[in-house]
């Protein structure tokens, strides 16, 4: 009995895993159903635009075109009628004959051109925004550059006192030179006086000449 008892719980886990696999398989199937194809309104507009009839496309001709495109007309008959009504109310299609979904339908050219124009306007409006953004960036760049100019100017102001100090030193130096010149002149005058005092010394040999021994 001890050998058969652990075999029962070992068989239970695979039974629990199987429903998880089934759920995982169901999710992609649901996603495929949703993304089976484009909506009915797009198919109707394409079929009406492709037709060359001036009076418009009838419901029977529209169903044939949808069936040729691979759309299940029998199952989605109510959706086709609702799609036609919604497109007429929006203005994308114009009903040329009949009432409701039983008449003939034609593509509204004014609505098609009107839809194209707002897109072009939006694209044109988007460009000035980018230009405005670029202008803001340039303004920010210039605003950031102005402090640099002020920073450059401040050292110049600091340099001016240094230049003034140099001029003061230059102004003081001539005074020293002027004060030094009189000293040199005094020395030269003293030197000039000394030779005058030396002249009487030359007369001494004359006194010694008359002496006789």
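Keep in mind that glycine also has a Cβ here, set from the backbone N, Cα and C atoms.
Residues or ranges marked as compositional bias 'Low complexity' in Swiss-Prot: 1-17.
Among the features that Swiss-Prot reports, compositional bias 'Basic residues' is placed at 20-35 (among others).
Residues or ranges marked as compositional bias 'Basic residues' by Swiss-Prot: 119-140 (among others).
The compositional bias 'Basic residues' annotation in Swiss-Prot covers 149-160 (among others).
Summarising the annotation, Swiss-Prot assigns compositional bias 'Basic residues' to 169-186 (among others).
Here Swiss-Prot flags 193-213 (among others) as compositional bias 'Basic residues'.
As annotated by Swiss-Prot, domain 'H15' applies to 36-109.
Among the features that Swiss-Prot reports, phosphoserine is placed at 2 (among others).
According to Swiss-Prot, the feature N6-(2-hydroxyisobutyryl)lysine maps to 23 (among others), an assignment based on similarity to another entry.
According to Swiss-Prot, the feature N6-(2-hydroxyisobutyryl)lysine maps to 26 (among others).
For residue 52 (N6-(2-hydroxyisobutyryl)lysine), the number of other Cβ atoms no farther than 10 Å from its own Cβ, over all displayed protein chains, is 5. Marked as N6-(2-hydroxyisobutyryl)lysine by Swiss-Prot on the basis of similarity to another entry: 52 (among others).
Listed in sequence order, the residues of the same chain lying 6 or more apart from residue 64 (N6-(2-hydroxyisobutyryl)lysine) and placing their CB within less than 8 Å of its CB: none are present. The N6-(2-hydroxyisobutyryl)lysine annotation in Swiss-Prot covers 64 (among others).
Secondary structure at residue 64 (N6-(2-hydroxyisobutyryl)lysine), as computed by DSSP, is helix. The N6-crotonyllysine annotation in Swiss-Prot covers 64 (among others).
Take the CB of residue 90 (N6-(2-hydroxyisobutyryl)lysine) and look out to 10 A: across all protein chains shown you find 11 other CB atoms. Annotation comment: Swiss-Prot describes 90 (among others) as N6-(2-hydroxyisobutyryl)lysine, evidence class similarity to another entry.
The N6-crotonyllysine annotation in Swiss-Prot covers 97 (among others). The Cβ of residue 97 (N6-crotonyllysine) lies under 8 Å from the Cβ of 55, 56, 58, 103, 104, each on the same chain and at least six residues away in sequence.
Feature annotation from Swiss-Prot assigns N6-(beta-hydroxybutyryl)lysine to 106 (among others); the stated evidence is similarity to another entry. When secondary structure is read from DSSP and collapsed to three states, residue 106 (N6-(beta-hydroxybutyryl)lysine) falls in the strand class.
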If I take the alpha carbons of residue 52 (N6-(2-hydroxyisobutyryl)lysine) and residue 106 (N6-(beta-hydroxybutyryl)lysine), what is the distance between them in whole Å? 10
List the Cα distance (Å, whole number) between residue 90 (N6-(2-hydroxyisobutyryl)lysine) and residue 106 (N6-(beta-hydroxybutyryl)lysine). 13
In sequence order, which same-chain residues at least six apart have a C-beta under 8 angstroms from residue 106 (N6-(beta-hydroxybutyryl)lysine)? 48, 55, 56, 57, 93, 94, 95, 96
